[in-house]
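Participant: Before we start, here is the structure in question, set down as structure tokens.
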Amino acid sequence: MVAPVTVQGLDQAPTPHTRLLAWVREVAALTRPERVVWCDGSEREWRAMTDELVASGALVRLAARPNSFWARTDPSDVARVEERTFICSADPADAGPTNNWMAPEEMKRRMTELYDGCMRGRTMYVIPFCMGPLTADSPMFGVELTDSPYVVASMRIMTRMGTSVLEKMGADASFVPCLHSVGAPLEPGAETEDTAWPCSETKYISHFPETREIWSYGSGYGGNSLLGKKCYSLRIASVIGRDEGWLAEHMLILKLTSPEGVVKYIAAAFPSACGKTNLAMLEPTIPGWKVETLGDDIAWMRFGEDGRLYAVNPEFGLFGVAPGTDWKTNPNAMRTLARGNSIFTNVALTDDGDIWWEGMGEPPAHLTDWRGADWTPESGELSSHPNSRFCTPISQCPILAPEYEDPRGVPIDAILFGGRRKTTVPLVAEARDWAHGVYLGATLSSETTAAAVGKVGVVRRDPMAMLPFIGYHAGDYFAHWIDMGKKADVTKLPRIFYVNWFRRASVEGEGDGHFLWPGFGENSRVLKWVVERIEGTAAAVDTPIGSVPAPGALDVAGLDLSAEDLAAALRVDPDEWRAELPQIQAWFEQFGEKLPGVLWAELDALRARLGVA
Ligand code: GDP
Ligand code: PGA
Ligand code: MN
Ligand code: MN
């Protein structure tokens, strides 16, 4: 039963937006917080919020970094929960075989029960936010209601939020309502928490695509709780994009300038923890080449009047995998973090108030690990969770491209699809055309990582790196990609490439030796080949799966790499590819008649090229 509410703060709403007010009132009546706070996004608010989080023990202020904080989650709340993520479309066929589905009424009934009184003893924060520049023709608004001050602080880094957004929304702008609770009400009389990271064993990350709503319960982890990110900008936005003729994709965006001053914009889709943030901030090892960052996780892409595909990064911050980030691998991330104003979650704390994680040089003699325990190099355990993250303003990135704030975005010249495969997939291959490129994306495979709860290292199909993020039927999604290619002159479409930084030298058939390709800054060599393919100056050899660099075409000058490793990195082994065919067949079959015929035709053509009847 919903009791009449007198909640402190409810009547001091700084907006005339009647639908927003009604919704806030309705949620407060259901969840029964102690007070409601309208977030203004100010510096003062950030200070108050972080001070409060430090006082409660949820954050530790880092002595060694300006305005930066260390957070530890509950050990059970460390990653996205794909098993608990639902697409609640009216018709189950609209969720498709790759999503969990529940009827919207049933999900709302269940979650309403969970939300009933779930904010007791807590503050409910109202976070008005905008994905993409506020100066866009139709700004993409959202409002998140949450009982987590950690979410408020993180949303301030990751999105444009606060008073400027609320003002721009005026009295009737449409917005995506995003409801979040950690699902841990404070018992009556409880003055303090018994944990610094409240959450619930019961978790739901639910999306209602028809009504464009998001309901999240039970988790405080970024991917489950910062609802502007995966939930809005990928799952809900992919549905909006389907309806309106654009694409919401799990892609980084970078600007590449050649020594001759030729500029290309490249988007790349890799699954979570497969190299987007690193490639987006890459420091080229080849002389004269320059990379500037536009985005590291999400791209919204639509055709411009000139017939080219333009990409915008809807986010305002970077939420990057910490382990492996280092001055050697990703110096621009280190520079970004050195400017402070960041939250580090589930990394290790040094004795002098700095952070440390695996891959960041020599380990200190003593640390406090991500579980809060003493750690020494002899502990034999990871000091940081493999999915530990830094959350930092993108404006601090020293190589941020000036086009970042342009609401029109940048015209994409090339799209890379990539995954993490120990075997089979070569360093780089070029698609024959758009349909073949869509086929490569639709059959993309990768080993699972710690970014989602579950077993790590299992090869699965992850189409366009969007498996956990497509908000509708994957077959319809592939058809949408094929249709997009028909909207423009083929000469203006981005060229599509397939990459794999993670192939390994085989160890007695185990395929788990060293990485064949040095990766990181050296990936600039692959980008150079991509640009030269677009310009028509680089040589390639045709293989059954696409064109790979001809001998000598990939610039390896000055690279310490054996000829065997280079050849092994580039090799297309027909036997390995023939072994993939039954899996691809089975993958496609589950989409039934929704799978575009052109993709079946692409599979048939691949079979023929591999000499399989
Ligand atoms: P994202 O989650 O897709 O943004 O991936 P990240 O860029 O954060 O990288 C995920 C993990 O892969 C990190 O531990 C990186 O150090 C590692 N990584 C990124 N790029 C490369 C690469 O080119 N080669 C290798 N071997 N590892 C990489
Ligand atoms: P990632 O982003 O792609 O940088 O890992 C977070 C996620 O996808 O969970
Ligand atoms: Mn991601
Ligand atoms: Mn990333």
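Glycine is no exception: its Cβ is also placed from the backbone N, Cα and C atoms.
Taken from TrEMBL, the feature domain 'Phosphoenolpyruvate carboxykinase GTP-utilising N-terminal' applies to 23-242. The annotation substrate binding site is assigned in TrEMBL to ARG80, TYR221, GLY222, GLY223, SER272, ASN387, SER388, ARG389. Among the features that TrEMBL reports, Mn(2+) binding site is placed at LYS230, HIS250, ASP297. The feature domain 'Phosphoenolpyruvate carboxykinase C-terminal P-loop' is assigned by TrEMBL to 246-609. Annotation source TrEMBL lists GTP binding site at ALA273, CYS274, GLY275, LYS276, THR277, ASN278, ARG389, ARG420, PHE520, GLY521, GLU522, ASN523. The active site annotation in TrEMBL covers CYS274.
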Participant: ARG80, GLY223, SER272, ALA273, ASP297, SER388: which of these binding-site residues put a Cβ within less than 6 Å of any ligand 2 atom?
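Facilitator: Checked binding-site residues vs ligand 2; flagged ARG80, GLY223, SER272, ALA273, ASP297.
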Participant: Among LYS230, ALA273, ASN387, ARG389, please name the binding-site residues whose Cβ is nearer than 6 Å to ligand 3.
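Facilitator: Among LYS230, ALA273, ASN387, ARG389, near ligand 3: none.
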Participant: Whole-number Å only: compute the distance from the Cα of ARG389 (substrate binding site) to the Cα of the residue listed as 'active site'.
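Facilitator: Their Cα atoms are separated by 14 Å.
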Participant: Which binding-site residues, if any, among GLY275, THR277, ASP297, SER388, PHE520 have a Cβ under 6 Å from ligand 4, given in order along the chain?
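Facilitator: Checked binding-site residues vs ligand 4; flagged THR277, ASP297.
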Participant: I'd like to know the mean pLDDT over the domain 'Phosphoenolpyruvate carboxykinase C-terminal P-loop' (246-609).
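Facilitator: PLDDT averaged over the stretch: 97.
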Participant: What does the structure give for the C-alpha distance between GLU522 (GTP binding site) and ARG80 (substrate binding site)? Integer Å is fine.
Facilitator: 30
Participant: Tell me, by DSSP, whether ASN387 (substrate binding site) is helix, strand or coil?
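Facilitator: Assignment for ASN387 (substrate binding site) reads coil.
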Participant: Go through the recorded positions ARG80, TYR221, SER272, CYS274, ASN387, SER388 and tell me which ones have a CA within 10 A of the CA of HIS250 (Mn(2+) binding site).
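Facilitator: Cα within 10 Å of HIS250 (Mn(2+) binding site): SER272.
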Participant: I'd like to know which of these binding-site residues, ARG80, HIS250, ARG389, is least surrounded, judged by other CB atoms within 10 A.
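Facilitator: Among the binding-site residues ARG80, HIS250, ARG389, the sparsest Cβ neighbourhood within 10 Å belongs to ARG80.
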Participant: Cβ under 6 Å from an atom of ligand 1: which of these recorded positions qualify? The list is ARG80, ALA273, CYS274, GLY275, THR277, ASN387.
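Facilitator: If the test is a Cβ under 6 Å from any atom of ligand 1, the answer is ALA273, CYS274, GLY275, THR277.
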Participant: From the Cα of GLY223 (substrate binding site) across to the Cα of THR277 (GTP binding site), what is the distance in angstrom?
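Facilitator: Here the two Cα atoms lie 15 Å apart.
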Participant: Of ALA273, GLY275, ASP297, PHE520, which binding-site residues come within 10 Å of GLY223 (substrate binding site), going by C-alpha to C-alpha distance?
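Facilitator: Checking each Cα against GLY223 (substrate binding site), there are no hits.
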Participant: Would you mind listing, in sequence order, the residues at least six apart from ASP297 (Mn(2+) binding site) in the same chain with a Cβ closer than 8 Å to its Cβ?
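Facilitator: In sequence order, LYS229, HIS250, MET251, LEU252, LYS276, THR277, GLU315, LEU318, PHE319 meet the Cβ cut-off.
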Participant: Quick check: of the binding-site residues listed here (TYR221, GLY222, LYS230, ASN387), which one has the Cα closest to that of ALA273 (GTP binding site)?
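Facilitator: Its closest listed neighbour, by Cα, is ASN387.
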Participant: Mind giving me a neighbour count for LYS230 (Mn(2+) binding site)? Other Cβ atoms within 10 Å of its Cβ, every protein chain shown.
Facilitator: 25
Participant: Suppose we draw a 10 Å sphere around the Cβ of GLY222 (substrate binding site). How many other Cβ atoms does it contain, all chains included?
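Facilitator: There are 23 of them.
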Participant: Comparing the binding-site residues TYR221, PHE520, which residue's C-beta has the most other C-beta atoms within 10 angstroms in this structure?
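Facilitator: Going through TYR221, PHE520 one by one, the largest Cβ count within 10 Å is at TYR221.
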